[in-house]
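**Q** As annotated in Swiss-Prot:
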type	residues	note
BINDING	T29, L30, G31, P32, K50, D86, G87, T88, T89, T90, G415, D495	ATP binding site
Amino acid sequence: MAKEILFNIDARDQLKKGVDALANAVKVTLGPKGRNVIIEKKFGAPHITKDGVTVAKEIELADAYQNTGAQLVKEVASKTGDDAGDGTTTATVLAQAIVAEGLKNVTAGASPMDIKRGIDKAVAKVVESIKAQAETVGDNYDKIEQVATVSANNDPVIGKLIADAMRKVSKDGVITIEEAKGTDTTIGVVEGMQFDRGYLSAYFVTNTEKMECEMEKPYILIYDKKISNLKDFLPILEPAVQTGRPLLVIAEDVDSEALTTLVVNRLRSQLKICAVKAPGFGDRRKEMLEDIAILTGGVVISEEKGLKLEQATIEMLGTADKVTVSKDYTTIVNGAGVKENIKERCDQIKAQIVATKSDYDREKLQERLAKLSGGVAVLYVGAASEVEMKEKKDRVDDALRATRAAIEEGIIPGGGVAYIRAIDSLEGMKGDNADETTGIGIIKRAIEEPLREIVANAGKEGAVVVQKVREGKGDFGYNARTDVYENLHAAGVVDPAKVARVALENAASIAGMFLTTECVIVEKKEDKPEMPMGAPGMGGMGGMM
């Protein structure tokens with residue numbers, strides 16, 4: 001396919017038009033008084049959002065050069081969202097500011113490479129300043145609530161829900177978001193270990209009202225193969241039944257013949273038993289069975305360990321205070337495992353989380369960690385309409401991810417103030433040459449931009465507020481929601497340090513690429529010939545007979 005090529009100033013100008021088109025659409029959402037953006041959908045209701053990355057992802061421009069510029073900034077927003085969970089709009093605003101300032105200097109004849117070096121040096125200095133300003137969150141759930149509230153577009157209800165969810169399942173616990181049936185937003189907590197496998201036969205049910213099998217102080221047999229005949233199973237089944245305690249069987253599968261025998265015994269002699277399939281697949285199944293064994297103080301009966309089912313003894317069975325098995329889920333509460341062993345297993349999983357490169361694997365490992373260490377909280381998001389539901393879920397997701405970022409690297413004063421305080425660290429900083437120093441100056445000017453934009457969206461004059469905030473010290477800043485200058489930390493206006501850091505690093509990275517671009521190649525649009533209305537001379541076919 002033929003290509004079009006554009007060089008030098010013309011190339012950068014076209015790219016910048018694309019950057020501005022996308023950034024101007026995204027930045028209206030910044031700050032507590034930021035506005036919503038309505039996105040048309042081909043099917044269904046339009047999507048209303050105040051989430052920067054959602055807006056960015058929807059933008060495709062008709063002009064190929066401009067669209068390339070827009071895609072560059074879209075990358076900033078997406079990467080910041082992936083890395084820090086929030087700060088997508090801030091990153092977009094910073095990228096636009098660095099590009100605009102940098103382009104003026106490059107057009108005036110400055111060396112793009114030297115400017116990029118100056119930008120990189122300044123960013124490293126600002127990141128140091130942000131880290132120095134950060135205050136750890138620890139177990140202070142009030143601070144967690146503040147971060148969640150700000151990230152959820154200043155919705156105190158969502159902030160409180162996330163803090164409550166973290167209280168219930170600890171900071172490392174898994175919190176998932178689901179749609180509620182009604183209009184209320186609530187928390188549900190699944191205590192203990194729950195996995196998504198239910199009973200193999202409805203005849204195991206003990207509570208017909210809830211259609212659940214409930215067991216108090218059961219023995220738990222964990223087997224990693226299929227139970228195909230009852231002969232191998234009897235040596236452990238008989239002594240377990242004689243104790244009078246219920247028995248939960250977790251196996252890869254139970255053959256229909258063996259299952260029928262268990263069901264018949266359950267019905268005739270009130271044998272307290274329930275069989276479920278093992279959770280997961282492949283290697284993950286082995287790991288999850290090992291987790292269950294450690295949690296319940298049992299042993300996985302596996303031929304890999306040299307153990308056969310017929311050799312199993314009562315000592316190899318796990319136990320727990322309570323087990324509930326429904327059609328789809330099995331929940332084990334208060335397993336009788338040794339605390340030290342459980343902690344050791346948790347540490348092992350944490351090490352795997354750090355080492356893994358795959359997001360999917362990391363998510364699954366975090367789920368396993370939560371199930372071992374405390375449980376899973378579910379945030380049921382309720383709303384009056386589907387449109388509101390989508391918007392609210394976006395905000396809850398933002399808030400949850402920002403809260404995790406805050407726990408990781410601490411919190412800083414919000415409202416763009418941390419960047420303003422970082423300007424002092426750039427005072428008097430010089431590069432190796434004049435153009436590098438210009439690059440440092442570009443960052444110095446650009447990091448004012450998030451505050452200017454927050455103020456502009458609140459209907460005030462940015463330059464005036466920036467000057468007043470610069471004159472203050474520490475946490476003193478402008479609270480756009482209440483239109484008051486105050487101590488932002490005390491007022492609960494805080495941001496995760498990680499979000500501010502990642503937003504600036506990603507914005508500077510893409511802007512640096514942009515400024516050092518000398519040529520843009522895009523596909524040439526080919527005019528498609530219109531389809532002919534009909535072949536000539538085909539009319540008047542009446543006399544064919």
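A Cβ is built for glycine as well, from the same backbone N, Cα and C atoms used for every other residue.
If you look at the structure here, what lies around each of the features I listed?
**A** Under the DSSP three-state reduction, G415 (ATP binding site) is assigned to coil, being neither helix nor strand.
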**Q** Could you say whether, by DSSP, K50 (ATP binding site) belongs to a helix, a strand or a coil region?
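**A** For K50 (ATP binding site) - judged by DSSP and reduced to three states - the answer is coil.
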**Q** So which of the binding-site residues is most packed in, judged by how many other Cβ atoms lie within 10 Å of its Cβ, out of T29, T89?
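**A** Per the Cβ count within 10 Å, the most buried is T89.
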**Q** Between G31, K50, G87, G415, which of the binding-site residues has its C-beta surrounded by the fewest other C-beta atoms within 10 Å?
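**A** Checked G31, K50, G87, G415; of these binding-site residues, fewest Cβ neighbours within 10 Å: K50.
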**Q** Quick one: largest C-alpha distance among T29, L30, G31, P32, K50, D86, G87, T88, T89, T90, G415, D495, binding ATP per the record, in angstrom?
**A** 17
